[in-house]
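*Asks:* Questions regarding the structure given below will be posed in turn.
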Amino acid sequence: MSSVLRLFKIGAPVPNVRVHQLDASLLDAELVDLLKNQLFKGFTNFHPEFRDKYESELVLALKLILFKLTVWDHAITYGGKLQNLKFIDSRHSSKLQIQPSVIQKLGYGILVVGGGYLWSKIEGYLLARSEDDVATDGTSVRGASAARGALKVANFASLLYSAATLGNFVAFLYTGRYATVIMRLLRIRLVPSQRTSSRQVSYEFQNRQLVWNAFTEFLIFILPLLQLPKLKRRIERKLQSLNVTRVGNVEEASEGELAHLPQKTCAICFRDEEEQEGGGGASHYSTDVTNPYQADCGHVYCYVCLVTKLAQGDGDGWNCYRCAKQVQKMKPWVDVDEAAVVGAAEMHEKVDVIEHAEDNEQEEEEFDDDDEDSNFQLMKD
């Protein structure tokens, strides 16, 4: 093991807390993501196409600002400051804790901030050129083949960098000196800002997180059982009944809020269109009843509107907009007065009976006349 360490020039372990260094890098990444999301939200209603076109440049500018305010000015990142860490020049003794030189800071900014941006642009360019093979003169075809070759080299370089990152991470876990490959190349590392500070473990955040997780799980379990729309409808009906009781007027209680609409107008369509137009009123012509169906309260609505309201009621019914009564059932509306039909039928039956009686009386009178004529003739003979 010692021969392998000497081969890679890995020194002896130092008493640095590895977890703090890894947490510092994670905090820095989360800070960049948080600021990036806030920056992009600013372009939601103001030239969103600019954000989509220059997304990588905006992220680069954000990282440059953070680099200037942290590493360049104070030789530490925000995540490192939260973990009580700072950068030092490892070429000198760790007891001196000399800050990195200007060259080291500049190299850190170029490699960390600008390196990712340049590499993404190079890969995007090579990928776009490798697919450009539609020209007929052969120029673009040759350029595409060269781009594909360069893309393979870039992929191989990415593979080598990933392997180097893995090897450096294993070495970091052993020595605790250099958390990244770039820090190893520049010979800068993280050390505690105050050596006399003791590690204080606070469980306040963990306890708060556990409480919120338990509360969230409880809500996720209980909310589907509450049936909030159904509960809301019951409360609304209860409030309506209280208002009716407070008014104490039977005539007003028997009328709904849209009782003034004509019979041919669907009150549900009228209400929906009025809400869409912001309360400015709806046209009676555009809300006429289509495929009329009759509620059990007697008022007529569109079939689709009535079915939708009853389905939303989930078995609790729905309050009619015209009479404020609870609607539970519906049936097809027939534009025929059954009472009038029954009355007409009874009238026809009475007329038939009267006509039949008159015919019988007329026949009896004719029969009597015939009998009198026959008797008179017999007496004459």
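For all residues, glycine too, the Cβ spot is worked out from N, Cα and C.
These came from Swiss-Prot, pasted as-is:
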TOPO_DOM  1-17  topological domain 'Peroxisomal matrix'
TRANSMEM  18-44  transmembrane segment
TOPO_DOM  45-50  topological domain 'Cytoplasmic'
TRANSMEM  51-76  transmembrane segment
TOPO_DOM  77-100  topological domain 'Peroxisomal matrix'
TRANSMEM  101-127  transmembrane segment
TOPO_DOM  128-140  topological domain 'Cytoplasmic'
TRANSMEM  141-175  transmembrane segment
TOPO_DOM  176-202  topological domain 'Peroxisomal matrix'
TRANSMEM  203-226  transmembrane segment
TOPO_DOM  227-381  topological domain 'Cytoplasmic'
BINDING   Cys266, Cys269, Cys302, Cys305  Zn(2+) 1 binding site
ZN_FING   266-324  zinc finger
BINDING   Cys297, His299, Cys320, Cys323  Zn(2+) 2 binding site
REGION    355-381  region 'Disordered'
COMPBIAS  360-374  compositional bias 'Acidic residues'
*Asks:* What number of additional C-beta atoms lies within 10 angstroms of the C-beta atom of Cys323 (Zn(2+) 2 binding site)?
*Replies:* 18
*Asks:* Residue counts in helix (H, G, I), strand (E, B) and coil for the topological domain 'Cytoplasmic' (45-50), per DSSP?
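*Replies:* In the topological domain 'Cytoplasmic' (45-50), the DSSP-based counts are 3 helix, 0 strand, 3 coil.
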*Asks:* If you take the centroid of the Cβ atoms of Cys266, Cys269, Cys302, Cys305, the listed Zn(2+) 1 site, which other residues of that chain have their Cβ within 8 Å of it?
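*Replies:* Filtered neighbour residues, in order: Ala267, Ile268, Phe270, Asp272, Thr287, Val289, Thr290, Tyr301, Val304, Leu306.
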*Asks:* Quick check for the class: what is the C-alpha distance, in angstrom and rounded, between Cys266 (Zn(2+) 1 binding site) and Cys323 (Zn(2+) 2 binding site)?
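*Replies:* Roughly 13 Å, rounded to the nearest whole number.
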*Asks:* Measuring Cα to Cα, tell me the gap between His299 (Zn(2+) 2 binding site) and Cys305 (Zn(2+) 1 binding site) in whole angstrom.
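*Replies:* About 13 Å separate the Cα atoms of these two residues.
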*Asks:* Cβ distance under 8 Å to Cys302 (Zn(2+) 1 binding site), same chain, sequence separation 6 or more: which residues?
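*Replies:* For Cys302 (Zn(2+) 1 binding site), the qualifying residues are Cys266, Ile268, Cys269, Val289, Thr290, Asn291, Pro292, Tyr293.
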*Asks:* Which one of these binding-site residues has the most other Cβ atoms within 10 Å of its own Cβ: Cys266, Cys269, Cys297, Cys305, Cys320?
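*Replies:* Its Cβ has the most other Cβ atoms within 10 Å: Cys266.
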*Asks:* Could you round the CA separation between Cys305 (Zn(2+) 1 binding site) and Cys323 (Zn(2+) 2 binding site) to a whole angstrom and send it over?
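*Replies:* Pair distance, Cα basis, whole Å: 17 Å.
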